[in-house]
Amino acid sequence: MFTHPSKVPPRMRSWAWFVPEHPPEAAPILSGQQRGFQVALTALGSHRRAVIALAIAWFSSSMMSALISRIVGFAVDKVVPFADITLLVSSVTAIVLTMTIMFFVDATGDSLTTLSISRVAHDMRLELVQRLVRGHSTKTPGEILNTVDEDAQQVGDVKQILNFPLVMVGYLASTIIIVAQFSWQLASLMFLGGVGTAVASYFTGKAIAKISRSRRAAEAASISLATDYAQGSRVLKGLGAVERAEEKFTQKATDALSLMLDDARIFALTNFLRQLIPLLANIAVLGCAGWFAVRGSITPGEFFTVTLVAPPALTVMGFALGFLTDYWARAVASSGRVLELAETTAITAQHGDLITPTRTGLEVWLTDTPAARDAARSELATMAAIQVPHSANIFEGTLADNIDPTGSATKVKEALEAAACEDIIRRLGGFSPNGELPEAAIGEAGLNLSGGQRQRVALARVLALDPDVLVLDDPTTGLDAVTLDNVACATKQLREGKLTIVLTTSRGWVSVADRIVKKGER
């Protein structure tokens with residue numbers, strides 16, 4: 001559902017530029033020979049202006065947060081002992097002003113992070129869909145859907161690294177700078193604590209990355225299997241394979257659950273190890289700060305500043321780096337699955353290499369052997385044509401939504417008639433008194449329809465599109481002989497003057513063909 005521009009709520013100008021009404025085309029994330037971490041890195045750095053804006057926003061916010069602690073320390077030294085009202089008002093005003101600016105900066109950073117995640121996931125899905133439309137994948141619909149949906153989202157979530165972890169890195173750096181102004185020894189201890197935490201996160205991250213890959217693969221396998229079983233439920237019942245399918249899915253789901261529990265255990269253990277370094281660093285920093293305060297090396301206000309900034313700078317830094325490690329590992333694992341789908345989707349022809357046939361009529365290409373099908377696919381790869389896959393994909397919504405929601409009523413009705421969809425129209429409630437198609441919903445994935453009915457709806461969809469060159473791959477395998485003959489004759493009549501190529505061995509199509517071509521023969 002789209003919201004009219006006049007109804008869109010007001011946006012902050014600091015981030016509204018990132019969501020124009022017509023966003024520009026994004027640079028591709030998938031290109032050439034890549035590995036999982038390279039795809040994740042490309043996604044992290046995509047939309048460079050937003051990345052720069054995020055870095056500026058979060059480092060500014062971190063500096064202001066550390067500055068507030070310094071102002072409080074100044075107040076302890078200068079305001080409390082002398083009860084100076086002027087300095088008190090000045091300090092409070094400075095804190096309020098800084099926090100107000102922080103609010104707008106944080107709102108900008110959070111908004112840009114969320115929008116960046118959405119745009120990267122959307123860009124990734126568009127790239128994958130373009131490859132799927134232009135090529136052919138050997139994966140099942142469930143695997144494809146899970147990768148395009150879940151894995152693309154996980155890759156987009158890598159942008160979270162530019163939020164919480166970046167904030168804490170900036171906060172630690174700002175804290176070190178502030179503390180260094182009155183004690184380089186304490187600043188050095190904090191720096192070493194931060195480095196130690198980063199090193200611990202790096203080494204514990206390897207274990208998280210390994211279990212994340214295994215977990216993501218197991219989750220995807222179980223979800224993909226569930227999707228495929230749902231789409232093929234009638235076939236499973238017909239074959240009497242429901243019990244076997246349940247056993248297989250239960251095993252996959254159990255494997256996924258086991259790996260999820262392993263993931264939770266490893267995360268808890270690595271998180272403890274990551275937090276051990278900041279704990280020791282905090283003890284060292286606060287102990288030294290107390291000793292320096294007793295000796296008079298630092299003032300009470302400076303000691304108070306250290307107690308305010310050191311624990312969050314080091315402890316929360318450990319959580320932030322764990323957050324970074326977790327999101328990065330999951331993004332790399334999902335990037336690997338995205339690449340696997342991209343690599344198995346053979347893009348067989350590039351734009352500009354396509355040939356538009358000039359002949360017309362109905363051609364049947366006999367593809368009764370694997371060699372014949374391979375030869376047909378190779379030739380079709382160079383042809384400018386609408387190629388319809390054998391599997392029929394039906395969407396939620398009405399019959400008109402599935403055929404052509406923006407097309408003329410006449411074309412849609414002609415396509416439905418040619419595809420022999422009269423029984424489907426009656427089942428959905430029949431034509432309205434005004435001759436309009438029924439508004440009843442078909443149901444999720446068209447599972448309320450039989451296999452043959454889904455095939456006919458898919459055929460009507462492409463007939464309504466009315467391309468100059470149309471390629472159909474065994475489009476009527478689920479139809480009885482009489483209905484098949486009627487569909488073949490009606491399709492030939494509707495497509496008169498244009499080229500229709502049917503890959504099939506069906507006698508119904510062969511009997512009405514203008515030309516019959518045997519593929520794969522030398």
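Every residue gets a Cβ built from N, Cα and C, even glycine.
Note that the structure is predicted; figures quoted are calculated from it, not measured.
The following features are taken from TrEMBL:
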- 51-73: transmembrane segment (TRANSMEM)
- 52-327: domain 'ABC transmembrane type-1' (DOMAIN)
- 85-105: transmembrane segment (TRANSMEM)
- 161-180: transmembrane segment (TRANSMEM)
- 186-205: transmembrane segment (TRANSMEM)
- 276-294: transmembrane segment (TRANSMEM)
- 306-329: transmembrane segment (TRANSMEM)
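Most Cβ pairs under 8 A with the transmembrane segment (85-105) among the ranges 51-73, 161-180, 276-294 are made by 51-73. Scored by C-beta pairs under 8 angstroms, the transmembrane segment (161-180) has its highest count with 306-329, from the stretches 186-205, 276-294, 306-329. In this chain, the transmembrane segment (51-73) lies apart from the transmembrane segment (276-294): fewer than three C-beta pairs between them fall below 8 angstroms, excluding pairs fewer than 6 positions apart.
Residues 172, 175-177, 179-180, 270, 273-274, 276-278, 280-282, 284-285, 288-289, 292, 298, 306, 310, 313-314, 317-318, 321-322, 324-325, 328-329 of the same chain lie 6+ residues outside the transmembrane segment (186-205) yet bring a C-beta within less than 8 angstroms of a C-beta in it.
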